[in-house]
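Right, one structure below, let's go through it.
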Amino acid sequence: MGWFTGIACLFWGVLLTARANYANGKNNVPRLKLSYKEMLESNNVITFNGLANSSSYHTFLLDEERSRLYVGAKDHIFSFNLVNIKDFQKIVWPVSYTRRDECKWAGKDILKECANFIKVLEAYNQTHLYACGTGAFHPICTYIEVGHHPEDNIFKLQDSHFENGRGKSPYDPKLLTASLLIDGELYSGTAADFMGRDFAIFRTLGHHHPIRTEQHDSRWLNDPRFISAHLIPESDNPEDDKVYFFFRENAIDGEHSGKATHARIGQICKNDFGGHRSLVNKWTTFLKARLICSVPGPNGIDTHFDELQDVFLMNSKDPKNPIVYGVFTTSSNIFKGSAVCMYSMSDVRRVFLGPYAHRDGPNYQWVPYQGRVPYPRPGTCPSKTFGGFDSTKDLPDDVITFARSHPAMYNPVFPINNRPIMIKTDVNYQFTQIVVDRVDAEDGQYDVMFIGTDVGTVLKVVSVPKETWHDLEEILLEEMTVFREPTTISAMELSTKQQQLYIGSTAGVAQLPLHRCDIYGKACAECCLARDPYCAWDGSSCSRYFPTAKRRTRRQDIRNGDPLTHCSDLQHHDNHHGPSLEERIIYGVENSSTFLECSPKSQRALVYWQFQRRNEDRKEEIRMGDHIIRTEQGLLLRSLQKKDSGNYLCHAVEHGFMQTLLKVTLEVIDTEHLEELLHKDDDGDGSKIKEMSSSMTPSQKVWYRDFMQLINHPNLNTMDEFCEQVWKRDRKQRRQRPGHSQGSSNKWKHMQESKKGRNRRTHEFERAPRSV
């Protein structure tokens, strides 16, 4: 099948898809969409594509002081330079052959499970890290020396000191783990058995006896999947500090009709050492509450996003009240969506001070507890702030008994403004990770979210107030593909010092800058329309915004994105012959079809077309119909007529600002003139055309005939029939082709001659019809 006919058939399929999708709105799309190739060509991504004998780059630890990113993977621990991850050190930490064979004999996959997958990577002190891995279903931990100072350049495993990793790392590499190391003590949420059924929140290491949640009690934990753990002060007294765990779990019996997943936040006191007679070596201050992330639906039925995927804490001036960002997805296999919800710690504390969930038996519903709550209130840390108890071992028996039977709160925690700040339901991906950066802009502070997806893309989103700062709308600035192949993003870290973002997946690690101001354009209006808090117009280019720069030359409007007000160069916006205007000349054949391509850089811009007849100054808006069809890629003109000759102006309209992107001059050649040029047997150019046609190979003549047939049959409704005829003829020719019966020597000679022929060929007659 010829080149042109193949392209024509492909174009027909793309055209139908484009026509169907054009009616969709542009409000929920990224303003800029950058492919992996575009990211590479613009030097906006650096990738570490992994090692042949490693994978699963899921466990991140950021060290801004040393300018290193530590990454735990399969059988390896890496130390990447934050400036450029191409510069790295590695530690090889595999399991022994004996452990691997035991894992294999237990029925596990020798490649995907019988290895040492690093699950815990925490800073132990100023000179060492603490690392734990699955150890081929035999968890193991050790220390890694990193030196006192960054210039020490030390990164080595202490292979003389290994510890049992039970209660620190899961056995199964597929299970999630949340860990936090404080004052030499490791807090971890994980599974503590080979079968992956005994889930618990542990505290190990240190000088105290290990402590955990109650075992085999679904009221405490019901098949949880741990996401993250964070230390948050409760007051100015360090004795009141609490560790909060974020996880998702199956709903408790009676809490929901049918099987459901709930997102949770759990709390424990840092100075909890268990009970004296009851709950010995068990948490006595553990409480949990449900996190709600939902949107109102018809008939009062809300759509819930219950699958908690990731959590990020944005610190504020008050360390006791960080903002909690959570990424959620739906549990349904039919309706797939993602959401980001934002929570305040004051709302969390209010719920933990509210009523406890209670029911009298298995056949009863959960209700708020109405009886007397013992003193001190269960969940309160023993300190001088809230009572005279020095230790949880001194708590009265009724407090311990109540805490054991009432670990859940009745009221849930609702997000700020009672709704998500971002929802995505009409895309082929789901959110997996989130990090947030607080950026100072000309008109205030903005939180910029970087959201990872399960297809290897990163979304850059900024929340902008509509009327007040309490009523926010999200603006999707960019969608960036950061890996060559689609892969789930499983880890993200943000370096404010380096202004870089680091992304982990099964395939490798990627690094990209937080801002790419130069890609927005070379005009003030384009920079202003981007609404990127990192960027501002400095008088000559779109560059990084610095609050300390001279205010006189800066142009930035994140809240409204209004270039008409802020840019002084807009007096030239109606000059169609400006330096940024692209001009093209296209030739079309009468009664055939042609396509005028025009795609603005911004996917949020609306395209507006005008037509200017030859030798006329007046421009008129192009009206769509059967003759002219608009797609997202441009204009399709069917059955060209001589009157279609003229200038076509493509404008992009965004936020009330119109910019001319392209001027296309269309010249329509009448059919009689073309036939005369192509088939004329007279001397001159006609003889040259005839000579060219006679010198064509049979396959080239078929291609030429297909082209003429397309010209003489411009009705695109028969395009699929035409393509089917070409494909049938091509298959028939392949079936009728004689078999090759030559010997190996003749075959080799034929290949050599063919190769020489290809090298001498100029390809002059294989060009597309337009170039001919």
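The backbone N, Cα and C atoms fix where each Cβ goes, glycine too.
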Disulphide pairing with Cys114 per Swiss-Prot - partner from Cys103, Cys132:
Cys103
Need the cross-check against Swiss-Prot: the disulphide partner of Cys535, picked from Cys517, Cys567, Cys598.
Cys517
If you look at what Swiss-Prot says, which of Cys269, Cys524, Cys527 makes a disulfide link with Cys381?
Cys269
Disulfide-wise, see what Swiss-Prot says Cys341 is paired with, picking from Cys293, Cys524.
Cys293
Please give me the CB contact count at 10 A for Cys132 (disulfide bond), counting all chains in the structure.
30
Expressed to the nearest Å, what is the distance separating Cys517 (disulfide bond) and Asn53 (N-linked glycosylation site) at their Cα atoms?
38
What are the sequence-distant neighbours of Asn125 (N-linked glycosylation site), meaning same chain, six or more residues apart, C-beta distance under 8 angstroms?
Gly184
Rounded to the nearest angstrom, how far is the Cα of Asn591 (N-linked glycosylation site) from the Cα of Cys114 (disulfide bond)?
67
Measuring Cα to Cα, tell me the gap between Cys341 (disulfide bond) and Cys269 (disulfide bond) in whole angstrom.
26
When you rank Cys103, Cys132, Cys269, Cys535 by Cα distance to Cys650 (disulfide bond), which of the disulfide-bonded residues ends up on top as the closest?
Cys535
Given a separation of at least six residues and a C-beta threshold under 8 Å, show me what packs close to Asn53 (N-linked glycosylation site) in the same chain.
Asp75
